Amino acid sequence: MQSFALNTIFILISLSSLSIVVSSSKPLNPCNGDFLHTQAYRQMQNQTNTTHCKKLSSLQAQFAWNYHKTSHNQTQLNILIGTKLITNMGWLAWGINPDLPRMVGTRAIIAVKVPNQITPSVNTYNITKDIQLGCKLQPSGIDFMVQNMTVVDKDVGFFSVFATLVLPQRYNVSSLNHVWQVGYCVDGLEPKMHEASLGNLDSKEVLDLETGDCQNIGQHRRHMRKIHGILNIIGWGTLMPIGVIVARYFKQFPIKLDPCWYYFHYSCQVVGYMLGTAGWGLGLFLGHESKYYSFHSHRVLGICIFGFTTLQILAFQFKPTQEDEYRKHWNVYHHFLGYTLLVMIPVNIYKGIKILKPDNITWKWTYNGILVLLGVVVLALEIVTWAIFLYKKCCKKTMEELSPRRVEIEEDNKGQTKEGSSSRGIEVQE
């Protein structure tokens with residue numbers, strides 16, 4: 001059974017790795033009609049026929065660009081990025097990182113929109129580690145020239161930023177690390193911290209400006225999250241509750257399957273533990289990769305669940321015998337910890353599903369279906385249990401009521417037998 005669990009984990013991880021390799025280079029995903037009809041995009045298109053346009057992988061952003069080499073062997077890059085802000089206040093950022101596809105170290109262009117402002121402001125910024133730790137984000141110069149920075153606010157509902165960049169040779173146009181962000185909190189003209197959602201975390205790519213192909217860093221994380229969720233829902237969210245159901249209803253009452261119930265109970269717990277532990281380890285890795293975006297309660301509950309399930313598995317190895325005086329204390333501990341996990345596991349799974357918003361509908365209904373199915377099984381077995389219990393209790397009560405009557409009848413029969421014997425004896429003597 002343990003080798004089966006290891007093989008299952010290996011297959012899932014292999015499929016995850018294969019899907020990551022296959023999706024590591026994604027072709028151009030064209031922009032939709034609304035963005036293509038914006039005035040800013042049409043102006044770019046009129047300048048050159050080689051303008052590329054693509055939907056970005058998160059935050060409902062769309063991105064257009066064209067470029068050419070200058071006489072000084074530099075790259076002149078025209079960019080247009082736009083999204084539909086859901087409020088009348090917020091900010092839109094786009095930038096490039098010469099080192100890695102991440103926010104820290106990015107040279108950014110940020111447009112800020114506040115209520116009652118005629119023209120949104122736009123400036124260049126250096127995103128340092130101190131900014132992510134809470135320091136103020138102030139406009140600053142960057143290591144390349146930026147020209148023609150323009151904000152388009154009332155164009156088919158899009159909030160867009162256009163700019164011309166003159167990039168030195170250190171920026172590789174065939175693998176350009178570019179990032180983008182959207183936020184809705186502004187203090188004066190200072191953009192404040194954006195939401196800590198997965199969409200904000202995944203807003204980064206390595207883009208080939210010539211072909212439009214990209215290595216979607218966020219897509220890799222999404223695959224890892226899927227494997228993390230599948231392992232934990234199957235291991236901790238399904239197999240472990242099945243093991244509890246087997247121990248509850250097939251040990252002695254209402255159906256006695258001794259000793260088969262124990263082997264099935266133990267197998268469900270061990271396989272569920274191994275799958276859940278693999279998913280938990282993957283979750284720790286994902287948390288380490290996104291240390292600035294921590295989901296504290298989900299993480300703490302996950303660590304507690306791993307600790308409690310480890311204690312439950314170890315409890316099998318140190319279980320006292322039936323005759324041992326400590327067996328009753330072991331039973332209380334084992335049952336209490338087991339039912340505690342039955343509450344904690346669904347709570348944490350739903351917390352994890354909530355983190356996936358807005359792409360969590362399928363996950364939510366799938367796990368709802370699993371819980372409903374387990375609940376129906378438990379309800380049916382509970383009804384059978386109570387039906388058998390009440391039937392046996394009723395039969396026992398009936399037997400107890402009938403017992404005195406049977407004694408009386410037997411005594412009457414014995415008395416009649418004695419009287420008949422006496423009368424026959426008298427007749428013989430006469």
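Cβ coordinates come from backbone N, Cα and C, glycine included.
The signal peptide feature in TrEMBL is assigned to 1-24. Taken from TrEMBL, the feature domain 'DOMON' covers 59-183. Look at TrEMBL and you will find 190-390 tagged as domain 'Cytochrome b561'. The annotation heme b binding site is assigned in TrEMBL to His228, His265, His298, His334. Among the features that TrEMBL reports, transmembrane segment is placed at 229-250, 262-286, 298-318, 330-350, 370-391. Per TrEMBL, the feature compositional bias 'Basic and acidic residues' maps to 407-417. Residues or ranges marked as region 'Disordered' in TrEMBL: 407-430.
Most buried of the binding-site residues His228, His265, judged by other Cβ atoms within 10 Å, is His228. Around His334 (heme b binding site), the C-beta neighbours below 8 angstroms that are at least 6 residues distant in the chain are Gln312, Ala315. Around His298 (heme b binding site), the C-beta neighbours below 8 angstroms that are at least 6 residues distant in the chain are Asn348, Lys351, Gly352, Ile355. When the domain 'DOMON' (59-183) is classified with DSSP, helix, strand and coil residues number 4 helix, 67 strand, 54 coil.
Comment: heme b site residues His228, His265, His298, His334; largest CA to CA distance 27 Å, whole number. In the predicted model, the domain 'DOMON' (59-183) shows an average pLDDT of 85.
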